[in-house]
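Reading through the structure tokens given below for one structure.
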Amino acid sequence: WELLWSLILLFTFSLLLVWSYFWWEADNDYNEFNWFLYNHSGEWTDGTIPILATTAAGFTYVAFLMVLALCHVALGQQLNLHWLHKIGVTAALLTTVVGIISISQTWGQEWDVIPISLQSTGPFLHVGALAAATALSWIVAGQVARAEKTIFQVVVVLLYLSVLLGLYVLPLYITSPCIMDPSTLKPRPEVFGHQGAPVLAPENTLWSFQRALQMNVTGLEADVTISVDGVPFLMHDVTLRRTTDVEKVFPDRERNEASQFNWTDLQQLNAGQWFLKDDPFWTVNTMSLQEKNLTAKQRVCSLEQLLKLASYHNSTVVFRLRRPPPEHPCYTTWINDTLEAVQDSGVLQNLVMWTPDDERAQVKQLAPGFIQTSLVKRSPEYLHRSGISRLLLRYNQVSTSEIIDYSRNNISLTLYTVNEPWLYSVLWCSGVSSVSSEVPHILRKVPYPTWLLRPNEYCLMWVSADLISFAVVIGIFILQKYRMSGMRSYNPEQIMLSAAVRTSSRDINVMKEKLIFSEVRNGGSAEELYEEHSFDSYTNQSVRQ
């Protein structure tokens, strides 16, 4: 039973380790997770805070119990969890399992962040795991030297050596685009401002795009909806509740879709005060008074306004166009209405990345200079036949080999949403031409990949680590054998007896009998041992001392 609880504790620790690593690397997409929660609940909250807090608390607690368990094993004792700890471990296990199932159902695509992040952390996690396995050799060697049964010694040594050998050869299966010759590194990927700079200013507003341009982005990315009177405007959500004061200006229409408002009504809405009030990224306190005033005055931005700003700064623009519902007046003319707005803005055609697949052939005839872009992953052959030269995809939709394949076929890739330097570095080493980011002010501080190793340097690193680990393990086994050779063997019953209350009980008698029979097998005299432990060999009763 206690062995079963030891296995449950080990499994819970391993599961929490993976769960903690997942949330550590998912930091790149916290805003996306909060948006998923908003779509389900209708209220904008930072759902990552309670998850991170409970994960940190649970992992710390279970890790502490694991350390205590290892200490027990090192001293030759059996782990006996208190019933309160059993309840705590069970609660941690069930909570983690429920969390994993919930994430798999609502945000399943995010699990891809684990293999992608291992391209950045894998070489270093391997060294850490090797160090931990090497340190555990002290406990394993102690158990082997202390054991009396040869079969137990052989099984323990074989299991440990199997794990150690697996870690030694693991680098053969670790792949990372950052293990490369630096001379083959491609130019730094261009950065697009995803909804402008939404961490520094309200998303999809002119001020947000101006802030992005201040961070030297080469392009701007926006979400476009069409109003009832045919004006394309910038809005990410289906409704206006989150990013405007529609509940104040039009309280009876706050849950209506954004496309059901005309442009005159939209111009009455404030699109900046929510940012100052909610402070979704904890950046308001870093803003100057002037920046706060500009933020508070932001209005809903039209596509034409964005294009004029981009034209003035000679920046590329890519936008996702949401088709209005069937009952909308512009349901059939949405492509023409958008194309007309683009042409009226006066922006150069080669600065526009056109993404809608509907009526693409007609758009190519009317605006042959547009950069035809697909939001759907296609083969290079299909893209060439369709006259598409660019792809806009989520960063987990393409592998390193596919990135290389697209590059060879002259298909440019723009991957979103890339917010963390480690992810930007991995994609840079993979050969991606551009990324879309919510934090261009952070990526501008990444002039070079976070790490870059030549293949021979990495080979030297892991071979050296393996040799050092092997030498240390051998030394520890020899030392433990030497330490234990002159020590009298003992059993867990001895330790438990020393801590037992000096009161006659059946349990104490049983432990004494186990100890005596064990020492008799080791060559002791039964009479002497009964006398030594104050035990009556004739009546089999405990004697008070």
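Backbone N, Cα and C define each Cβ position, glycine as well.
Counting residues 6+ beyond its ends, the transmembrane segment (7-24) has Cβ neighbours under 8 Å at 48, 51-52, 55-56, 58-59, 62-63, 65-66, 69, 79, 81, 89-90, 92-93, 96-97, 99-100, 103, 110-111, 113-114 in the same chain. Here TrEMBL flags 7-24 (among others) as transmembrane segment.
Residues of the same chain lying 6 or more positions beyond the ends of the transmembrane segment (51-75) and with a Cβ under 8 Å from any Cβ of it are 6, 9-10, 12-13, 16-17, 19-20, 23, 81, 85, 88-89, 92, 95-96, 99, 136, 138-139, 142-143, 495. Marked as transmembrane segment by TrEMBL: 51-75 (among others).
The transmembrane segment annotation in TrEMBL covers 87-104 (among others).
Residues 70, 73-74, 76, 118, 153, 156-157, 160, 163-164, 167-168, 170-171, 174, 461-462, 465-466, 469, 472-473, 476-477, 479-481, 484 of the same chain, all 6+ positions outside the transmembrane segment (124-144), place their C-beta atoms under 8 angstroms from a C-beta of that stretch. Among the features that TrEMBL reports, transmembrane segment is placed at 124-144 (among others).
Annotated transmembrane segment per TrEMBL: 151-174 (among others), in sequence order. Residues 118, 122-123, 126, 129-130, 133, 136-137, 140, 143-144, 458-459, 462, 466, 469-470, 473 of the same chain sit 6 or more residues outside the transmembrane segment (151-174) yet have a Cβ under 8 Å from a Cβ within it.
According to TrEMBL, the domain 'GP-PDE' annotation covers 189-447.
The feature transmembrane segment is assigned by TrEMBL to 460-479 (among others).
With a cut-off of 8 Å between Cβ atoms, the residues of this chain six or more beyond the transmembrane segment (460-479) that come close are 123, 126-127, 130-131, 133-134, 137-138, 141, 144, 164, 167-168, 171, 453.
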